[in-house]
Ligand code: GLN
């Protein structure tokens with residue numbers, strides 16, 4: 001297609017309605033019709049990027065292949081659409097202001113007064129267009145809710161774009177809440193009416209309203225909303241709670257969301273969608289043949305979203321194996337030497353995910369030791385791999401109090417430490433130190449890993465060179481490499497130059513694998529991920 005067409009997605013009434021899922025699902029429907037889709041998230045908060053935001057507050061930080069720390073919605077995008085997001089697909093108000101202020105300091109505005117309109121809005125529009133480049137359809141999700149003070153420049157920018165581009169190049173879908181009042185047993189359409197009124201007062205008229213509620217929105221309510229909000233009743237869509245998010249593309253398709261938007265975009269002639277993959281995924285998810293229970297020993301156990309991609313990846317592996325994966329989060333800080341076997345004995349496998357800071361580390365080490373000694377499948381991701389190295393060093397190599405310098409700077413055996421200087425594949429030298437900027441010093445994004453022939457990892461990936469995404473500061477200390485290998489810990493994956501350990505396996509263990517990267521970021525429901533798929537397949541076979 002010659003020109004990129006835009007679908008803007010705004011939200012009203014409250015946040016956390018699932019705008020990201022709606023955007024991703026609409027993307028999936030267009031992809032199924034053979035269109036090239038780009039998905040973009042605009043975050044109205046002032047942080048320059050979400051990299052330094054606590055997972056307790058903001059959910060997981062998703063990492064793109066090009067090494068950007070982004071909002072977790074980009075994870076939804078990549079799970080629903082075969083599209084690889086880059087740093088251009090997510091930006092915050094902070095980033096926009098940072099750029100405009102830089103321009104101003106440089107004198108780019110020739111002494112003019114720098115204002116929200118047009119300077120901030122111009123920068124927002126420039127970035128939206130940049131994220132859309134090369135796509136047939138660019139879906140642009142605006143974070144927050146309409147009426148928030150922070151989101152106004154973003155809403156204004158899309159108003160301008162809808163005015164400046166031909167009408168058939170843009171469409172707007174608005175997601176709102178239709179609450180059910182228990183005592184009067186009534187659905188209330190008023191919040192939706194108000195939110196659309198607010199949107200219209202900002203100069204925007206939605207082409208389609210996606211209503212969030214628990215049970216299907218009845219026809220009468222659709223008609224009422226349509227009348228009050230000036231849309232066709234057919235364009236009022238019920239996005240009610242579903243048993244799995246992966247059925248949302250099918251739910252939206254059944255109500256013709258893609259057709260409504262394609263009509264507005266003057267694209268009615270594109271081919272009909274192929275949705276067999278999604279039907280298979282939903283069928284496998286809703287009709288599992290087996291059950292498997294996995295202990296995830298981590299620290300951010302209270303907020304569901306802080307391990308979003310991880311939970312999804314385990315679920316995808318369940319879909320591939322036709323199994324229901326029962327994921328139990330166990331607070332590592334509560335695990336002690338004496339209670340570990342009691343806490344873990346009913347599980348078929350143990351996973352220690354990524355994390356930062358020293359809380360819960362000793363508990364993770366006990367959990368890892370338990371899995372190693374009891375021949376339970378153990379999967380260590382990033383911090384989880386470092387834990388495996390520490391455990392092995394302490395208990396097999398007898399390096400007393402071996403540790404990572406992240407948790408004990410004075411440890412006698414720093415088996416995990418900072419590699420202060422490292423050349424990446426492009427030849428660029430990266431520097432890291434204990435005191436450098438939190439945001440700036442991580443090994444981030446997709447990096448090549450060379451896999452040892454005939455290892456379990458080789459069997460799983462069926463490749464000798466892979467690319468997976470990193471987000472960490474510490475590494476296996478190369479000085480301990482030989483000792484680890486001699487003791488039976490195999491280093492089966494290394495960085496492109498052979499220097500850094502990227503994957504480990506224990507030879508005399510049925511399934512023990514650690515990786516310094518985060519494979520959960522590249523898993524999707526249609527294929528799963530080679531490591532997760534096999535981890536779950538192996539766990540299913542464990543009798544507890
Ligand atoms: N805290 C560890 C590091 O910085 C691990 C990070 C992670 O698990 N993502 O190296």
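Every residue gets a Cβ built from N, Cα and C, even glycine.
Automatic, uncurated: that is what TrEMBL annotation is.
Just one of 406, 483, 505 is listed by TrEMBL for the same L-glutamine site as 355, 383, 384, 385, 386, 473, and that one is 406. Checking the candidates 73, 302, 305, 315 against TrEMBL: the one annotated together with 16, 17, 18, 19, 20, 21, 242 at the ATP site is 73. Cβ neighbour counts within 10 Å, taken over all protein chains shown, single out 383 as the most crowded of the binding-site residues 21, 383.
Nearest in space to residue 385 (L-glutamine binding site), taking C-alpha to C-alpha distance over the binding-site residues 16, 21, 73, 141, 242, is 73. Of all the binding-site residues listed here (355, 383, 384, 473), 355 has the Cα closest to the Cα of residue 73 (ATP binding site). Ranked by Cβ neighbours within 10 A across all protein chains shown, the binding-site residues 17, 242, 385 are led by 385. Take the CB of residue 18 (ATP binding site) and look out to 10 A: across all protein chains shown you find 19 other CB atoms. Rounded to a whole number, the C-alpha distance linking residue 17 (ATP binding site) with residue 141 (Mg(2+) binding site) is 13 angstrom. Checked against ligand 1, the binding-site residues 18, 141, 355, 384, 473 give 355, 473 in sequence order as having a Cβ less than 6 Å away from one of its atoms. Taking Cα separation as the measure, residue 242 (ATP binding site) is nearest to 520 of the recorded positions 384, 386, 518, 520.
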